[in-house]
């Protein structure tokens with residue numbers, strides 16, 4: 001018999017998994033079919049398509065992890081199953097985070113307007129900058145997954161130490177080393193977080209300044225162009241809120257081994273993580289004119305609604 005907390009966790013996980021698969025699957029299908037038919041794809045569409053695919057993989061990993069957490073806690077915490085899940089989670093999670101950072105940098109360089117020479121230099125080379133970021137993303141994601149090998153070796157040593165009676169000095173030393181490596185592993189996420197925050201700050205600052213300038217020139221806050229920029233700011237703020245929420249949930253999941261009520265904290269972290277993976281896909285859809293138009297047409301069951309061809313907005 002399932003406990004009420006486990007039942008609620010499974011229901012929330014199932015709902016968010018379905019919503020996330022629909023949202024990210026829609027992005028991947030629309031951009032993928034357009035790519036297949038035209039034999040070419042824009043850099044922006046390429047990034048968010050790969051982002052959607054990485055999130056689909058993350059959703060499956062979290063679903064499997066959640067089911068094991070409820071129905072087989074021992075299998076979830078020990079052995080090769082845990083290590084396989086951790087490796088796939090670490091690689092795909094870092095890939096998703098860096099792809100999100102690439103999206104923020106792309107929007108910032110495309111949309112924001114500043115006169116600083118360094119910003120202009122990057123703006124003129126936006127495609128080259130983002131391509132190099134994508135290559136670095138793959139390498140860093142591989143590096144983060146490989147770094148788990150050392151952590152797993154220490155974990156295996158901990159599992160083999162006899163802890164009957166007083167805790168041995170070896171166990172205490174190895175446990176401290178394991179915790180240190182586990183915490184330091186989260187530092188892989190600091191660079192994309194900093195870059196994303198800077199990009200969003202510059203983008204919001206530029207758009208806000210542009211809205212104020214247009215208001216002064218036009219004398220009306222209901223100008224269509226002004227409203228479009230304000231909608232873009234609201235979308236970006238939603239984007240930023242979800243991104244920070246994801247980092248919070250990821251930190252909770254990473255630290256859950258060392259906190260009281262480990263299982264409950266892990267469940268809360270997984271629910272928040274899946275909320276981000278599902279919710280952010282719809283922010284991307286509603287903020288992109290091509291995806292939004294096709295999504296609304298699909299909901300209305302309009303014929304030919306998923307035929308590619310219209311160009312999307314540059315906003316996230």
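Just so you know, glycine gets a Cβ as well, placed from its N, Cα and C.
The transmembrane segment annotation in TrEMBL falls on one of the ranges 91-109, 110-128, namely 91-109. When the ranges 193-211, 212-230, 288-306 are checked against TrEMBL, the one recorded as transmembrane segment is 193-211.
Of the two recorded stretches, the transmembrane segment (6-30) does not lie close to the transmembrane segment (91-109), with fewer than three CB pairs under 8 Å once pairs fewer than 6 apart in sequence are set aside. Long-range contacts of the transmembrane segment (264-285) within the same chain: residues 5, 9, 12-13, 16-17, 19-20, 23-24, 26-27, 48, 52, 55, 58-59, 62, 65-66, 69, 100, 235, 238-239, 242-243, 245-246, 248-250, 252-253, 256, 291-292, 295, 316, each at least 6 residues beyond the stretch ends and with a Cβ under 8 Å from a Cβ of the stretch.
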